[in-house]
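Student: Straight out of TrEMBL:
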BINDING   Gly7, Pro8, Ala9, Ser10, Ala11, Gly12, Lys13, Ser14, Thr15  ATP binding site
DOMAIN    3-216  domain 'Cytidylate kinase'
Amino acid sequence: MQIAIDGPASAGKSTIAKLIAKNLDFVYCDTGAMYRTVTLLAKENQVDYGNESGILELMHDHKIYFVNKTDGQHVYLDDKDVSEVIRTEEITNNVSQVSAIKEVRTELVEMQRKMADNTNIVMDGRDIGTTVLPKAEVKIFLIASVSVRAQRRFKDNQERGIDVPLAQLEDEIATRDYKDSHREISPLKKADDAIEVDTSDMTIEQVVERVTEIVNEKK
Ligand code: CDP
Ligand code: CDP
């Protein structure tokens with residue numbers, strides 16, 4: 001069974017996807033972490049975020065992969081655990097430029113499909129239901145208002161010691177949503193057969209319960 005969870009920034013995709021995967025004992029794949037790691041690769045090598053050939057060359061020279069540990073999934077760039085450094089403001093605010101590059105998407109989508117091959121998987125991102133796994137049995141489109149999503153990110157940042165004003169986070173989220181929804185290749189879009197869940201007024205437990213209901217109906 002394949003479960004695709006898409007939606008805008010900070011809607012709760014990865015939190016919900018991880019819990020659903022854990023409950024069902026499915027593999028989890030955070031595709032956003034892959035785009036973030038490619039962005040980090042560009043930054044570390046001082047390659048411009050719009051330099052298509054430079055970024056592709058770096059992708060061919062380096063390895064991006066996941067390692068499952070007791071505390072969850074970690075993303076690696078070569079032999080380095082980059083799970084934390086890919087969440088900085090610098091990466092967050094530039095990832096949409098890198099993820100709009102056609103060849104970057106082609107290569108990452110191929111890796112994602114390989115991970116899902118013959119596996120029970122929960123995958124979250126922007127184009128999972130539309131492009132990566134169009135035949136997924138369950139497609140969820142998670143949304144929440146921009147202000148709720150900014151508050152969630154604000155809280156996350158506080159816990160990690162990052163201090164960005166709430167109004168700035170709202171702007172950043174709205175800008176990233178706009179870029180992700182308006183790019184040419186596989187933009188953020190609800191698949192026709194996806195079920196939309198507005199989580200603005202829902203707790204994590206309530207969202208997990210709702211998604212579990214949807215999965216059980218499909219089983
Ligand atoms: O967790 P958050 O919602 O902030 O974002 P993410 O899932 O980590 O994704 C980071 C960025 O990667 C998104 O803003 C998109 O630009 C890109 N992305 C994408 O283009 N396609 C995906 N399947 C997943 C992420
Ligand atoms: O993956 P995505 O960017 O869509 O969101 P996330 O990183 O899973 O969630 C962002 C934050 O919102 C996390 O701190 C979650 O704990 C929180 N969250 C929440 O407070 N209520 C929900 N219904 C879902 C997520």
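For all residues, glycine too, the Cβ spot is worked out from N, Cα and C.
Caution: TrEMBL annotation is automatic and unverified by curators.
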Student: Looking only at Cβ atoms, how many others are within 10 Å of the one on Ala11 (ATP binding site)?
Tutor: 27
Student: Checking proximity to ligand 1 here: which binding-site residues out of Gly7, Ala11, Thr15 have their Cβ closer than 6 Å to it?
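Tutor: The qualifying binding-site residues: none of them.
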Student: Once near-sequence residues are set aside, which residues in the chain of Lys13 (ATP binding site), 6 or more away, have Cβ atoms under 8 Å from its Cβ?
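Tutor: Lys13 (ATP binding site) has long-range Cβ partners Ile5, Asp6, Gly7, Gly32, Asp124, Gly125, Leu142.
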Student: Once the chains shown are all counted, how many other Cβ atoms turn up within 10 Å of the Cβ of Thr15 (ATP binding site)?
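Tutor: Around the Cβ of Thr15 (ATP binding site), 18 other Cβ atoms lie within 10 Å.
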Student: Under a three-state reduction of DSSP output, how is Thr15 (ATP binding site) classified: helix, strand, or coil?
Tutor: helix
